[in-house]
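**Student:** Here it is: the structure, laid out below.
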């Protein structure tokens, strides 16, 4: 691995132009972020009084053909719209899981599109399809149509999460990547924080879906304003277009442009010496020994990370207290995570930082098991600490994974890892629903410990330039 970042030398580590792109991408990601946090508001577990004659107005009586739902917290939800109670509760679980299945498919699909056809087209398509299917989901008349929309929304969400991140990372210099780990989370955290406030005032799920898709105007701007990744263009042999984009960025950042052609020539020469193919695919993740090992380890780490994070996230939604306040507190508790991630990325080795986050999540969850049931505040506190540990590990593993894999297969590798993350998040609700609290929490804790241990087997990537080819990655590495 190399310490020299030629792209940073050409356009700066992160100037005004990259800042504008980050702002545009951040706003465009809000529809995606809202879909990741809306399950507790549109698919809640709703109390009801059964008005059937044999039920005698019993609460939550099954079976029930004439339920009268409690509207004190949420006026209308997917659960109440299609009566997802009693024998139909599995449809509510399926609706939650369909988003994760869609994210899985989208991670694979858009990962391939991004590596094959470019970061820009993949990112713009992901942004657009997410907004379109969110709007459609708000007006569909049948539950099966909603389930289909949840899947299609998920494909866009999966593409957005991966492709926009990789594009911004590849537009920045290596010395700024530590800050990007935190800056890129602004959309998720602010969306997570604002969503319960919006949901408090918009308590009908159809209107809530429409309101949270409002940033569609900014989504359309991406087709005109987003640049293609110069690193991808050079790796694909599109030298002239890379020079044009780098020159534009350098001018916007008030940097000299005289040396850009020579810098691109140098990168192209280095890449051509190593490159044996025009573009990567998922097969390339298993052709060579180092990449193969990294792919398997990263996939399992992402599985454990997503399983723990989404499991804790759903568990917090079931804790005692006000739903909206619990979610706001959960979101606010993650804000320090941004600063912790940035500090860890700047001053700690990647492996140490990630392992510390996983260990924090695992230990806090073990403590949670022994907290008395009537200590609601203490339970919420340790659940939030566990969520913070899982969250910071998730943020850092995004950066760590993008640094491990070369440009030619970076998005494919991230898509493959994200696929396993979806497996983890898909089964998280079932673990939460086991019914024995200490068993569920122990599973989350053990998997967090496993993820931290596996990170010991990965290479150190702090302060290295992003590699472009598989051959560069396979070379002996003394930064372990």
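Any Cβ shown, glycine's included, is placed from N, Cα and C.
Keep in mind that what you see is a predicted model, and the values were worked out from it rather than measured.
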**Student:** Transmembrane segment per TrEMBL sits at which of 49-72, 73-96, 145-168?
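**Tutor:** Residues 145-168 are the ones TrEMBL records as transmembrane segment.
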**Student:** Which one of 270-290, 438-458 shows up in TrEMBL as transmembrane segment?
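**Tutor:** Per TrEMBL, the stretch marked transmembrane segment is 438-458.
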**Student:** Of the residue ranges 232-251, 352-371, which one carries the transmembrane segment annotation in TrEMBL?
**Tutor:** 352-371
**Student:** For the annotation transmembrane segment in TrEMBL, which listed range does it cover: 100-119, 120-139?
**Tutor:** 120-139
**Student:** Are there residues at least 6 beyond the ends of the transmembrane segment (207-226) whose Cβ is under 8 Å from a Cβ of it, and what are they?
**Tutor:** 21, 24-25, 27-28, 30-31, 34-35, 38, 41-42, 120, 123-124, 127-128, 131, 134-135, 137-138, 167, 195, 198-199
**Student:** Do any residues of this chain, six or more beyond the ends of the transmembrane segment (145-168), have a C-beta under 8 angstroms from a C-beta of it, and if so which?
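**Tutor:** Residues packing against the transmembrane segment (145-168) from afar: 18, 21-22, 25, 28-29, 32, 35-36, 78, 82, 91, 94-95, 98-107, 109-111, 113-114, 119-120, 122-123, 125-131, 133-134, 136-137, 180, 184, 226, 229, 398, 402, 410-411, 414-415, 418, 422.
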**Student:** Please indicate, using numbers and ranges, the residues of the same chain that are 6 or more beyond the transmembrane segment (438-458) and have a C-beta under 8 Å from a C-beta there.
**Tutor:** 293-294, 297-298, 300-301, 303-305, 307-308, 311-312, 315, 351, 354-355, 357-359, 361-363, 365-366, 368-369, 386, 389-390, 393, 400, 404, 424, 431-432
**Student:** Looking only at the domain 'Major facilitator superfamily (MFS) profile' (21-463), report the model's average pLDDT.
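**Tutor:** The predicted confidence over the domain 'Major facilitator superfamily (MFS) profile' (21-463), as a mean pLDDT, is 87.
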